[in-house]
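**Student:** Under the heading active site, TrEMBL lists 155. Per TrEMBL, the feature Mg(2+) binding site maps to 60, 154. Residues or ranges marked as domain 'UmuC' in TrEMBL: 56-236. As annotated by TrEMBL, site 'Substrate discrimination' applies to 65.
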């Protein structure tokens, strides 16, 4: 059972109890009903018989973008806040918990969110600031263990196995301290999931948000049994519907399949699904993941069919992609162009490059070639570029002594990058950008 600070007083027996505000463990007397911490009086107590032995922790920042903005703008405290695109076609990136009470949520069209919560304050996302705050949180995590796997800008999983002697406390106390430190120093609250593996730790983190502390131990299969299959990460609407048609709407039913039945009924992924439905996961916490793709896209305020305008938007997207590739220390030897029509039809085209690149000019030349195959047929509401066949950054744009333009392009882009790094992106612009 996973219990958090909202629970009623319980008979804790001789199992350990975590006070999240001390933070520390204590063992109550047998039969004692515990409602408050005997040391500090806090009601934020966590009860679980395996509390002191679990070591895989999932950390999830609560409404991260909105939390950062409220810390930067104290006048927004207590007010509904939406972070996302501010235009008619904007989408909600994050809704604070006050706003969520009225219905808005992530990925909702901003127009609909405004209808549900007309009093909400709307701010555009400031990704540069969010990345700085996220990196400060990761630095705090890495002080606790080198085994920190970043899942997204606001999520990470930690393996704290073998750190008890280092910190003089079990993992549950260590991550409770982390939560207090992040909230005190950065003004961001986090929810924690503690479990035996990465899958259950992630699910436990969602038990008691915001400022939650969920714990799931050996009772994982029992805890999952009555939950819908969509609870498992990676199961989308289409797969959920397919499983429902097979009579496998609940995880308990899925978990009851033998491995042979799973393979026969669900194919090659069936056995893995059954294991996860039982709460089993053998994934190790991996601190570093190789970058598999880098992309950028933009949704227009109005549909665009005019080819010169599409080209200007494409140039901006290529500049952004080049910057992201360099930040991730990779180059690309292939790109895919993504276009979405006014009727929401998605069109994609791909091309391979002769050599890896991070130059906006080369990306644009290749992407423009693909665009010309679609331009003029209809108006588009979105354009995006996705990198393929990633290579190390060192392999990008090898010098060609017979092509002085290539040498000059590399040198010029390095100069532009240096200026932008020091003075900001708008300090210097290409002609294509100025024509927008």
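Keep in mind that glycine also has a Cβ here, set from the backbone N, Cα and C atoms.
Heads up, TrEMBL stuff is auto-annotated, nobody curated it.
Keep in mind that this is a model prediction, so the values were computed, not measured.
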**Student:** Using the structure shown, find which entry in 60, 154, 155 (the recorded positions) has the sparsest Cβ neighbourhood within 10 Å.
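**Tutor:** It is 155 that, of the recorded positions 60, 154, 155, has the fewest other Cβ atoms within 10 Å.
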**Student:** Give the distance between the Cα atoms of residue 60 (Mg(2+) binding site) and the residue listed as 'active site', rounded to the nearest whole Å.
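**Tutor:** Approximately 5 Å lies between the Cα of residue 60 (Mg(2+) binding site) and that of the residue listed as 'active site'.
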**Student:** What average pLDDT does the predicted model assign to the domain 'UmuC' (56-236)?
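**Tutor:** Mean model confidence (pLDDT) across the domain 'UmuC' (56-236) is 94.
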**Student:** Where residue 65 (site 'Substrate discrimination') and residue 155 (active site) are concerned, what is their Cα separation in Å, rounded?
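**Tutor:** Each residue's Cα considered, residue 65 (site 'Substrate discrimination') and residue 155 (active site) end up 12 Å apart.
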**Student:** In three-state terms from DSSP, label residue 65 (site 'Substrate discrimination') for me.
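**Tutor:** Looking at the DSSP assignment, residue 65 (site 'Substrate discrimination') belongs to a helix.
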